[in-house]
Amino acid sequence: MIAVPEIRIMDTTLRDGMHAMAHQFTPEQMAQVAAALDEAGVDVIEVTHGDGLAGSSFQYGFAAATDEEYLEAVAPVLKKAKLAALILPGIGTCRDMRMAVQAGVKVFRIATHVTEADISEEHMGLAKEMGAEVVGFLMMSHTVGKEKIAEQAKLMESYGADVVYMVDSAGAMIPPEVTEKIGYLKEVLNIPVGFHAHNNLGLAVGNTLAAVAAGATAVDGTLRGLGAGAGNTSTEVLVAALKKAGYQVGVDLYKIMDAATVLEPMMRRPQVIDNASIILGYAGVYSSFLLHTYRAAERFGLDPRDILMELGRRKVVGGQEDYIVDVAYEMSRNKSRAV
């Protein structure tokens, strides 16, 4: 009999979900949600600004509290789950990582663009030095082929990553692509493979199931799918689907549904797949760009879909949110000249 692998659930409601909240969760709200996630048996709970440690800024949006305040609010309520923090080299620093460890972080998820794994070496080295688990996060993985993803994942493995995630930042992938790329990573890596999905094409749960079938053993979700654009993989739906498919999941289905109920009154809007979200997935644009694009479209009198398609053509990457205004301004001027 073939052993069914146990799937590790990492919930990022309190980090990736921050994008849909304009980064305005309070520390008290985070503690409430984290306690419910912990009670449900979630393995890892990620907490920071949506753009990771030190992301609170004019460029990315100011959070309601500091990373330290958020982490210190959540750490005491966790009885079983590990506390995680995201860091993007170039935004967060080694000093921020030291603060996070003092605040109770046990897992660092270190994210780079899929072609820039080399900039994670210092941060991964420090995380290992401090005794933390290291998760490599290769963002915008839809933009390159499986060989390039594998090359970059091997770099992260060499830096000490304990697991490497393929990240569909734009919700642009379809199941056959996920199957091919995850399967290839599984072949070439000597460490576990993970997958993080977005729901812009309505495929987050389906893509995650495809990833697991291809060998991924660590997967992400957010309660109610909370996140930028059409959101993320819904943790509670994913748990139900994985259990129905026969995988071992250490999360209690009823309790994770209860956790989603705790979150729901805090949400600013339901997670729906609207037209702009579809364009995000179709154009392959990073999901956190959506709210910034709406603002730029209103400011310059443009259709946000046109801005998103242009950003996709220019292959923008995470961290270039300030570029949206430049693109919108240029498009507005070109539109004026054409009149």
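Including glycine, each Cβ sits where the backbone N, Cα and C put it.
Features of the protein shown, as given by Swiss-Prot:
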| type | residues | note |
| --- | --- | --- |
| DOMAIN | 7-257 | domain 'Pyruvate carboxyltransferase' |
| BINDING | Arg15, Asp16, Ser169, His196, Tyr286 | substrate binding site |
| SITE | Arg15 | site 'Transition state stabilizer' |
| BINDING | Asp16, His196, His198 | Mn(2+) binding site |
| ACT_SITE | His19 | active site, proton acceptor |
Query raised in the report: Once the DSSP letters are reduced so that anything not helix or strand counts as coil, what is Asp16 (substrate binding site)?
Result: helix
Query raised in the report: Applying the rule Cβ within 8 Å of the centroid of the Cβ atoms of Asp16, His196, His198, what extra residues of the same chain belong around the Mn(2+) site?
Result: Thr12, Val167, Asp168, Ser169, Gly171, Ala197, Asp220, Thr222, Gly227, Asn232, Thr233, Ser287
Requested in this report: For the recorded positions His19, His196, His198, work out the Cβ neighbour count at 10 Å and name the residue with the minimum.
Outcome: His19
Query - Farthest-apart CA atoms of Arg15, Asp16, Ser169, His196, Tyr286, residues recorded for substrate, distance in Å - result: 15
Report summary line: Among the recorded positions listed as Arg15, His19, Ser169, within 10 angstroms of His198 (Mn(2+) binding site) by C-alpha we get Ser169
Query raised in the report: Roughly how many angstrom lie between the C-alpha atoms of Ser169 (substrate binding site) and His19 (active site, proton acceptor)?
Result: 13
Query - His19 (active site, proton acceptor) versus Tyr286 (substrate binding site) - Cα distance in angstrom - result: 12
Requested in this report: Quick one: average pLDDT across the domain 'Pyruvate carboxyltransferase' (7-257), no decimals.
Outcome: 98
